[in-house]
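First up is the structure itself, then whatever we jot down about it.
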Amino acid sequence: MKTLLLTLVVVTIVCLDLGYTLKCNKLVPLFYKTCPAGKNLCYKMYMVATPKVPVKRGCIDVCPKSSLLVKYVCCNTDRCN
């Protein structure tokens, strides 16, 4: 009985997400990083002249404003950038 109870406790701990962590793509989308606490957005930065070629990707706390030369796209789900 104790073994069954211990097994149920372990399974519960493994299955519960004890603290949600966002995952954002790095520059090469095959790789991603787990964002630290407080950084709850993924972002993609690219030059307006070349929108198909991202310059930077990662985690961020506040989405920066785009400019005439640089555009930022932010999102808040895993690997959305």
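For all residues, glycine too, the Cβ spot is worked out from N, Cα and C.
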Disulphide pairing with Cys63 per Swiss-Prot - partner from Cys74, Cys75: Cys74
Record Swiss-Prot, residue Cys24, disulfide partner from Cys42, Cys75: Cys42
Bond partner of Cys35 - disulfide, per Swiss-Prot - picked from Cys59, Cys75: Cys59
Cys75 (disulfide bond) CB neighbourhood, other CB atoms within 10 A: 15
